[in-house]
Structures are given as structure tokens and as C-alpha cells.
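Here Swiss-Prot flags 102-224 as domain 'MPN'. The motif 'JAMM motif' annotation in Swiss-Prot covers 173-186 and rests on sequence analysis. Annotation comment: Swiss-Prot describes His173, His175, Asp186 as Zn(2+) binding site.
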Amino acid sequence: MAIKDWPQGEGPRDKLLQQGAARLSDAELLAVLIRNGISGQNALTTGRLLLSHFGGLRSLMTATEDKVCQIPGVGPVKYAQLQAAAEISKRISRENLQRGQILTNPDLTRDYLMRQLADRSYEVFALLLLDSQHRVIQFVELFRGTIDSASVYPREVVSLVLEKRAAAVIICHNHPSGIAEPSQADRRITERLKNALATIDVSLLDHMVVGDFEIVSFAERGWLN
């Protein structure tokens, strides 16, 4: 049965308006975005098929167009709608960590980095540049590709830090494998960068490694002492 033929108040859109978006299941939220189903398959069923096929929202939102459009009832238009929702979520996260904001909440930093890096299919090495009061100056993606001790150049990091007049730095990168546990190469890179930054009196506050569902902090493990 089409959702428009359901009793008043039972459809996902009505439920959202009456009870709030937080009360909807993942499939119901997808149904609101998808809007229309196909013959014999309403939007809620399509949402459930998407979740079942991809295993969850994160995998769905990071899947390529050709893979998403393999699901019955999903074409380029619906794929575009899903991607727009995912991008809005990312942009909200960016606004939550604005220039001039003081980093007093580690959870805010973790959430920001998770949103920026967890869904990448390739490695990204980035810097979160801070001033002397630990206020955000800028988030910069510095290197992409296979990140190892040979591909991260301390002189480029130092040059950028000097250019932006940062007083402290949080370095971060993701593991496309989804496993956040740092490698020995990660530890070597961190030591090299810590020593390079020390020559210009800039503090390395942390190195955060981003996986699919967690972030490992070098500072919390005592690896920066």
C-alpha cells in the first residue's frame, strides 16, 4: 500500500511533524527523503531495502551512485536526495567547529573529525590549527593517498603552521580499513612531526586516528609525553 493511502498520522512524514524527527527509525527517515516508492513498493519499504543491503546509514551514504541505484526503486534523483542530506550533515558539523572557537570539549573535536574523515575511501592526513588560546584557526587537509613516514613531509607541516601563525596543532588521519588502531608508521610520523614542531615552539596537542566507529588519541594513550 502506498504511504499516502495510510491512515492519517501513521506515515513517516506525519509522524515526523507530530512527534519530531528523533522519533523516527532510520528507515522512516529515509522514506521521508525518498518521498515516493514504485509499484508494489512504498518509500518505507525502499528505505528498509537500502538499510538491509548496505548494513546501515554510514555505508549507505558513502556508497557510490551505481551501487545505490542497484536497489529497486532508487535512481539518480533519489541518490541525489540522499547525498544532499549527507552533505548537509557534514556542513552542520563544520559550523560546529568554527574559526575562533575554543576547544574545551574533546567530544566536539572527535565528532568533527569523525564526520570529516570516517567516510573516506582513501587516506587523508590533516591538521587542526589552533592559536595560543586553543581557538580554531583552520582545518586543513594536507596529504591524500597512502600515508606513511615517507609521504608526510615535516617541512610542509612546519611551513603551513608558520603561514597560519598557529601556536598548537592537532594532527589527524583516517584508516580506510575502518580500524583506528595506530600503526608503527603512525607513531614514527608523530614523533617526527612533534620534533619538527618543537623547533618552532609549536605544541603538538594530539594525533587522532579515525576509524569507522572510533577515534584513537595519542595524547590519551600517553604517547606524546
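Glycine residues also receive a Cβ, built from the backbone N, Cα and C atoms like all the rest.
Feature map: Swiss-Prot annotations on the structure.
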residue: His173; record: Zn(2+) binding site; Cβ neighbours (10 Å): 24
residue: His175; record: Zn(2+) binding site; Cβ neighbours (10 Å): 21
residue: Asp186; record: Zn(2+) binding site; Cβ neighbours (10 Å): 22
Can you check what DSSP calls Asp186 (Zn(2+) binding site), collapsed to helix, strand or coil?
helix
Mapped DSSP class for His175 (Zn(2+) binding site), helix or strand or coil:
coil
